[in-house]
Amino acid sequence: MKKLYAVLLLVCLCLCAGCGEQQVQKSDIVLDTAVTLTADGADAKAAIDESMARLKNIDGMVNPNVPDSDVCKLAQYAGSGHWVSLHPEVYKMLAFAQEYAAKTNGAFDVTTKPLVDLWGIGTDHAKVPSPQELMAAQKLVGWQKLELNEENHSARLQEKGMGVDLGGIAKGFAVDEVRQIYAKYGIKDGLINLGASSMYGLGLNKEGKSWRIGLRHPRKDDAQQKMAVLSLQDAALSTSGDYERFFEAGGVRYHHIIDPRTGRPAQSGAMSVTILADASVPDGGMLTDLLTTAVFVLGPEQGTRFLQTLPRGVEGAVVDGRYQLWTTGNMAAEMENVSEEFQFWQGSGELQ
Ligand code: AMP
Ligand code: MG
């Protein structure tokens, strides 16, 4: 009996040492983003350290300011006919991007880079370009002009002046990579947070509840002002909005999500897009990141229609300019504490 008590006491001590004390959190700026990684478990510190190193490693492949990054090499050899050998990670992102460029009729297009650079949104040289500048940049955009060779993981861009921008997909890809590292270290509870725009919630938080994520109000300057709250448990979550990076001129909001078909910041009627993918969805981080951008370009109606064509486990909410929430799947039921300013779109012009 005494022995049994001793064993029970030991188990209790281990568990108590486990609650709270083993949660590790680390923040850093990587991928141009304030990253916060949280993990609970015996190997939490090792998992987080390896994850941070991995994020920096991915940054080095996709960062246009790193001279020998894969994206720089692609731009450098554009139009030369030379195939650029890529890291498998970059190849995977490009192949995924191309698949969805085709599925969205080019709404998502990583070759949008010349337009992204021309508008310069979020930089100190942001401006409304002249029609001539726009036309010249638009000629250099088109996902069909990005060729991939699966056999040797290489790629080339057909015209000089072209480039790829992985800003709409790399953070989601990185979330999936961190998730794999967490799995390797047996982390069951944690939050992978890449600047709130791409996240993955594993298991439960310290209070033993699912992670609660506030969705930002798209028209309140204070980032703490929430539109609604979502519970995140073993799922990827991504949000894109026209409030993230923008400038205003002549009453128009020029933001960072470009419609490659017009060459201009998308005026699709959307203010923000949130997408959830459960654990059954492969590459859920990358997919949700890509979809927020794509659905934003497509707009509330076309965007939600497109989401409905995707496999189960993916669902989303689009906020339009009239504060209406267009949702798919179970999203409407999952949104809690929805601010009174917003209403759920019911179709045919009727609101709930
Ligand atoms: P996100 O904030 O995830 O919507 O990603 C936006 C970023 O993706 C921009 O800052 C650009 O780097 C890039 N981007 C903008 N428009 C597009 C587009 N239509 N397709 C693919 N990438 C885009
Ligand atoms: Mg995105």
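Yeah, the Cβs are placed from backbone N, Cα and C, and that goes for glycine too.
TrEMBL entries are annotated by machine, without manual review.
The signal peptide feature in TrEMBL is assigned to 1-19. Residues or ranges marked as Mg(2+) binding site in TrEMBL: Gly168, Asp289, Thr293.
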Cβ packing number for Asp289 (Mg(2+) binding site), 10 Å threshold: 33
CB contacts for Thr293 (Mg(2+) binding site) [other CB atoms within 10 A, all chains]: 27
I want the residues beyond Gly168, Asp289, Thr293 whose C-beta is within 8 angstroms of the mean position of the Mg(2+) site's C-beta atoms, in chain order. Phe108, Gly167, Ile169, Lys171, Gly172, Ser238, Ser240, Leu290, Leu291, Thr292, Ala294
DSSP secondary structure for Asp289 (Mg(2+) binding site), reduced to helix/strand/coil, please. helix
